[in-house]
Amino acid sequence: MDSEDDPLLQDVWLEEEQPEDEACRGIPGPGLQSGAQGCWRRWTLPSRPPTLGFWSTLGWAFTNPCCAGLVLFLGCSIPMVLSAFMFLYYPPLDIDISYNAFEIRNHEASQRFDALALALKSQFGSWGRNRRDLADFTSETLQRLISEQLQQLHLGNHSRPASRAPRSAPRDTVATQTSAANSSERRRREAPSPEGQVTNQSRARRGASRWDYSRTYVSANTQTHAHWRIELIFLARGDAERNIFTSERLVTIHEIERKIMDHPGFREFCWKPHEVLKDLPLGSYSYCSPPSSLMTYFFPTERGGKIYYDGMGQDLADIRGSLELAMTHPEFYWYVDEGLSVDNLKSSLLRSEILFGAPLPNYYSVDDRWEEQRAKFQSFVVTYVAMLAKQSTSKVQVLYGGTDLFDYEVRRTFNNDMLLAFISSSCIAALVYILTSCSVFLSFFGIASIGLSCLVALFLYHVVFGIQYLGILNGVAAFVIVGIGVDDVFVFINTYRQATHLEDPQLRMIHTIQTAGKATFFTSLTTAAAYAANVFSQIPAVHDFGLFMSLIVTCCWLAVLFTMPAALGLWSLYMAPLESSCQNSCHQKCGRKSSLHFPGDLFTAPERAGGGPAQGPLPYLDDDIPLLNVEDEPASLELGDVSLVSVHCEGLQPTPDANSRGQLLAQLQELLHHWVLWAAVKSRWVIVGLFASILILSLVFASRLRPASRAPLLFRPDTNIQVLLDLKYNLSAEGISCITCSGLFQEKPHSLQNNVRTSLEKKKRGSGVSWASRTETTAQESMSTVYISKVKSKGHPAVYRLSLNASLPAPWQAVSPGDGEVPSFQVYRAPFGDFTKKLTACMSTVGLLQAASPSRKWMVTALACDARRGWKFDFSFYVATKEQQHTRKLYFAQSHKPPFHGRLCVAPPGCLLSSSPDGPTKGFFYVPSDKVPKARISATFGFNPCVNTGCGKPAVRPLVDTGAMVFVVFGIIGLNRTQQMDNHVIGDPGSVIYDSSFDLFKEIGHLCRLCKAIAGNSELVKPGGAQCLPSGYSISSFLQMLHPECKELPEPNLLPGQLSHGAVGVKEGRVQWISMAFESTTYKGKSSFQTYSDYLRWESFLRQQLQTFPEGSALHRGFQTCEHWKQIFMEIIGVQSALYGLVLSLLICVAAVAVFTTHVLLLLPVLLSILGIVCLVVTIMYWSGWEMGAVEAISLSILVGSSVDYCVHLVEGYLLAGENLPPQLSQDPSSQRQWRTLEAVRHVGVAIVSSALTTVIATVPLFFCIIAPFAKFGKIVALNTGVSILYTLTVSTALLGIMAPGSFTRTRTSFLKALGAVLLAGALGLGACLVLLRSGYKIPLPSGATL
């Protein structure tokens, strides 16, 4: 069989050539030069297909105009028909912007914890924080159930012992199952239903039952259903303290919330619950509910002698008093961070929610044209983005979010980043146009084949594999696939053009398909395999990305394989002569060559002297296959200690009319020649030694790369949405809602004349330590005016007088405004709000001896008056140390010169009486501004609701646990995600599946025995860390009556007033589920792999205990879960998936390279190069501070596939150089290796360098993406490309010059041997795995399970 008929063994050049006609001698091919038209006319088009041979038939088909046109038509129409079918009959593809796409949601640990979290959140809507005190309804229900059980026991019915129940539980949540309406709302990807949201409060407004609120939400009245929301988080910044509770920051927050309510269209979408009808000041806003915010406490309004806590006031109330009132409600802690407590009234952030109601005006109900209502709201709410983005100040950073705003921001960011892909695509398209000799025909079909392949890949991805969303990581495909596809296009074009020695069009086409098809198949196989390795990842985003990219690469190769040969056939017959004539015509009209025209000799080397056959192309621009013309005469190479023949290299010299680009490529090739001459010949051992040293160091550093310690960054760290996502991950700011937690619902309007709460109200407010009582006066009673006068004597400094009396005794004179003088200022005589700094006005007569001087002098000090120096107390007043609302800044100082008097002024220059630093007698303070007349200060300015006897006891908040809290759960089976259609940044985990056979009173004995067993295991549980049943009220005395096993249950070590983490779920009068909490000995700071052993110990011990229960008991379906387990498995499985992907990609590449090279000494340099490249790239990632996350996991497997290309191109060039080995070197293997290495670099060096530069330039737009995975992926690809080309030109050449076989040529026999060796190695590997499994060894899988 001839080599031209063998698709695997076909080398680049065919042996048979027909004698060329003199008229066409030296012409490279049709369309390549102006004279190409004459050769084209000599071709005879076959009128009928050849009778024998597959390749002959294929060559005829692609050179026949009708068949080639049909192939192009089918190649264009089939993808369009498939895509039209997909778009018309299948749901539209959307971008998967779910944050959970980076979590391993299908893992057992994640599903267990999500089920418990959702069961808890269905009542309160919160997980991850210390849950607050619930309503009395909870404990009353459980106490009723226990009473019924005890009555049955007394009546002789002992079959159902009852359980202890809590009266309140901040982390104890009594959950109700989500209603059908709630499930419907989740399917709509919206906020939870009102019935579920109504339970998101732990105490209702006084005087009404919290359960009465349900009537508000089920009403069909317009906008009474709180259905949408905007989340706001205000972060304090600008100083070291970062306390949000300062007057400046609170005023800023209040102004922002007012701007939101004043936004056009707000009243048509706002939430209008029935309760706000009682708030008279809200009438100007059409009774829209104000933001759910603490501003309702800080900015109350006064109307008709009553205080309304609605946040509509203009003046800031007393900050401390407002906080004391708000803290009496457990809901208060929803608004602040974890650090706030009774002793530390500081928070770094403040949360707020703006609620919007449904149904909208002109709609009968929420379900009435729901999609239309939703579209209207989405169009309205996105108008807030531009406004909110400008509200941050130097003191307050404003973060805005919510379901619709999150989705809008993600999609807008994604679309903006995708615009950068057009830059890469445009550059590549221009490059295609230039490299095809400005051929519009070839450029069009080259780009079209790539685009059409993307449509087919989308069809397979969406229809065949049934994936509904495109992952956000799939956007990288827009940058990568054009470069990959264009490489294949270039291969076919350049292969066809370089086959000028073949006169027969069919032979030329057969040669092109065989050579280019084989080369592109190999590179596409390794690339697709590298991406497909990520399909086994348990991270959904990584899995979808790997599948999508492997489909695109495969479809692109198939599209190019069929489209480009047909396009080349038609181009050579019809378009090439037309393009040449058009170019010649343009040149003649312009009188000179266009600067954008690249003549055909740019792609083919000039003729050699003597009119010999044309050489192959000098500027080798293909970056996938080496096209080595064995007819080229070898260049003259100086090999130092190797004696080689000298040959001519005229072919390397450009023709006189070659443009500057051709000269540049020739110079680059000459530079590479000298470089490799040094690397592969003179210093090859030095390079190998350096390579070995770097490899060892790289292995050491690469092994230190740690798994990701946090969820992956989706966006730049400083962007609004990423900061919000960080808060969600670290502060549990996930889809939590507290719609009735503000003062509007928690406080009834109070009379200004009666701020004292009744004893019953104070009893309901909390169970902690009472506030310290303070005696304070009102703002009107405590304010006074300090008047300043002076005496000015000639030759003596002015002496100032401070007085609370406006009269002016002689010789004092009034102070005139100007020059820093202060005639008077307002002060508080008692502490008021933030005016708590005490200053004293001291008077003295010492040192005033002159007759003209006044008899007294004054000064201001922060300390007591110094009687030893003659200073006596006159009066004192209170000021603020920081700027407040309606305040001004004043300075004071004491002179260090006689008579040592003091002075106050409005600017520092007037008070520079000494150069000493600020101290008790020098500094500044803030006083109420005189610009606001006393009459204009409202009744709410500085209003303290806790005056006199205080507001009652603050609600208790448990401390943060130091160890991992493990929950043992019964009554919950898992999660139902079958109907989940969630595509939000922060998604809904699904719905809880409860165990209907679970009966708490039937199993109470087994539960008590199990809790004792777990609590007694000191290796798992900390002493005093067992919380068997929810506690909080004094019902423990009933436990011993429920079952004998429940006697002497271990009690948790709780702080005074702190309640346990255990929880009980109640529905329809029965206990539905229960969770016992245990503080584990696991330390959260341990590594994931160390923590994994703790998980296994917990799992093993619980399984052992459950096996002791009777068969058929519902407790056998119990499980243990922990939030920490979920996090560590994300890291462990992410790393395992990356390693498996790396190994799988490496095995595929090794097998492909082995079959392709057919020699172990050619395979070894490639493998060593790949190992060095990957290790060095991972080491640089470690030095850069990166961790092994989702993006890095993707990159690791891709590195192998992309690193192998350049090395294999070099080896292919080495093999092809052996086809024309000089006879003088036949006896010297060392000289043969070095000569073949240099010949390979001479022919492929410019190509692979050009390919590397093109790849790096194509990834540059990725650096500027806001989506963090895009930017990091671009950096990794650029880094890997740079390291790959460096190692290829140094390490690979040196290794080939040392160990490659000197006279080896690829044959059919060597191919079969290599294929057999690969199959044998695979069989041995499979056999070894089976032996290990038989011997009891467990093989870990990417999913975290074991075989």
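Just so you know, glycine gets a Cβ as well, placed from its N, Cα and C.
Residues or ranges marked as topological domain 'Cytoplasmic' in Swiss-Prot (evidence: sequence analysis): 1-67 (among others).
Within the chain, the transmembrane segment (68-88) has long-range Cβ neighbours (under 8 A, six or more residues past its boundaries) at 61-62, 445, 448-449, 452-453, 455-456, 458-459, 462-463, 559, 562-563, 565-567, 569-570. For 68-88 (among others), the entry in Swiss-Prot reads transmembrane segment, with the evidence type sequence analysis.
According to Swiss-Prot, the feature topological domain 'Lumenal' maps to 89-417 (among others).
Annotation comment: Swiss-Prot describes 156-207 as region 'Disordered'.
Among the features that Swiss-Prot reports, N-linked glycosylation site is placed at N157 (among others), with the record citing sequence analysis.
Feature annotation from Swiss-Prot assigns compositional bias 'Low complexity' to 159-168.
Annotated domain 'SSD' per Swiss-Prot: 412-570, in sequence order, evidence recorded as sequence analysis.
Marked as transmembrane segment by Swiss-Prot: 418-438 (among others).
Same-chain residues lying 6+ beyond the ends of the transmembrane segment (440-460) with a Cβ under 8 Å from its Cβ atoms: 72, 75-76, 78-80, 82-83, 85-86, 93, 429, 432-433, 477, 481-482, 485-486, 489, 493, 548, 551-552, 554-556, 558-560, 563-564, 567-568, 570-571, 575, 579. Positions annotated as transmembrane segment by Swiss-Prot, on the basis of sequence analysis: 440-460 (among others).
Here Swiss-Prot flags 464-484 (among others) as transmembrane segment. Panel annotation: around the transmembrane segment (464-484), residues 91, 93-97, 101, 410, 414, 417-418, 420-421, 424-425, 428, 450, 453-454, 524, 527, 540-542, 544-545, 547-549, 552-553, 556, 714, 983, 1191, 1194, 1254-1255, 1258-1259, 1261-1262, 1267, 1269-1270, 1273-1274, 1277 of the same chain, lying at least six beyond its termini, place a Cβ under 8 Å from a Cβ of the stretch.
Break the topological domain 'Cytoplasmic' (485-528) down by DSSP state and the numbers are 38 helix, 0 strand, 6 coil. Here Swiss-Prot flags 485-528 (among others) as topological domain 'Cytoplasmic', drawing on sequence analysis.
According to Swiss-Prot, the feature transmembrane segment maps to 529-549 (among others). Long-range contacts of the transmembrane segment (529-549) within the same chain, counting only residues at least 6 positions beyond its ends with a Cβ under 8 Å from a Cβ of the stretch, are 96, 100-107, 457, 461, 465, 467, 469-474, 476-477, 480-481, 1130, 1133-1134, 1137-1138, 1140-1142, 1144-1145, 1148-1149, 1152, 1190, 1193-1194, 1197-1202, 1342-1344.
Tertiary proximity for the transmembrane segment (551-571) is limited to same-chain residues at least six positions away from its ends with a CB under 8 Å from its CB atoms, namely 31, 62-65, 67-69, 71-72, 75, 79, 439, 441-442, 445-446, 448-450, 452-454, 456-457, 460-461, 477, 481, 484-485, 488-489, 492-493, 496, 505, 509, 512-513, 517, 520-521, 524, 527-528, 531. According to Swiss-Prot, the feature transmembrane segment maps to 551-571 (among others).
The topological domain 'Cytoplasmic' annotation in Swiss-Prot covers 572-684 (among others), and the record cites sequence analysis as its basis.
Distant neighbours of the transmembrane segment (685-705): 679, 1168, 1171-1172, 1175-1176, 1178-1179, 1181-1183, 1186-1188, 1287, 1290-1291, 1294-1295, 1298; these residues of the same chain sit at least 6 beyond its ends, with a Cβ under 8 Å from one of its Cβ atoms. Feature annotation from Swiss-Prot assigns transmembrane segment to 685-705 (among others); the stated evidence is sequence analysis.
Summarising the annotation, Swiss-Prot assigns topological domain 'Lumenal' to 706-1137 (among others). Averaged across the topological domain 'Lumenal' (706-1137), pLDDT in this predicted model comes to 73.
The Cβ of N976 (N-linked glycosylation site) lies under 8 Å from the Cβ of G990, S991, V992, I993, each of these being in the same chain and 6 or more residues away along the sequence.
Per-stretch counts of Cβ pairs under 8 Å to the transmembrane segment (1160-1180) identify 1282-1302 as the leading one among 1247-1267, 1282-1302, 1311-1331. The secondary structure of N976 (N-linked glycosylation site), as reduced to three states from DSSP, is extended strand. Under DSSP, the residues of the topological domain 'Cytoplasmic' (1268-1281) split into helix, strand and coil as follows: 14 helix, 0 strand, 0 coil. Residue counts for the topological domain 'Lumenal' (1303-1310) by DSSP state, with H, G and I taken as helix and E and B as strand, are 3 helix, 0 strand, 5 coil. With DSSP states grouped into helix (H, G, I), strand (E, B) and coil, the topological domain 'Lumenal' (1181-1246) comes out at 55 helix, 1 strand, 10 coil. Within the same chain, residues 417, 472-473, 475-476, 479-480, 712-717, 722, 1173, 1177, 1180-1181, 1186, 1190-1192, 1194-1195, 1198-1199, 1202-1203, 1252, 1255-1256, 1259-1262 sit at least 6 positions outside the topological domain 'Cytoplasmic' (1268-1281) and bring their C-beta atoms closer than 8 Å to a C-beta of that stretch.
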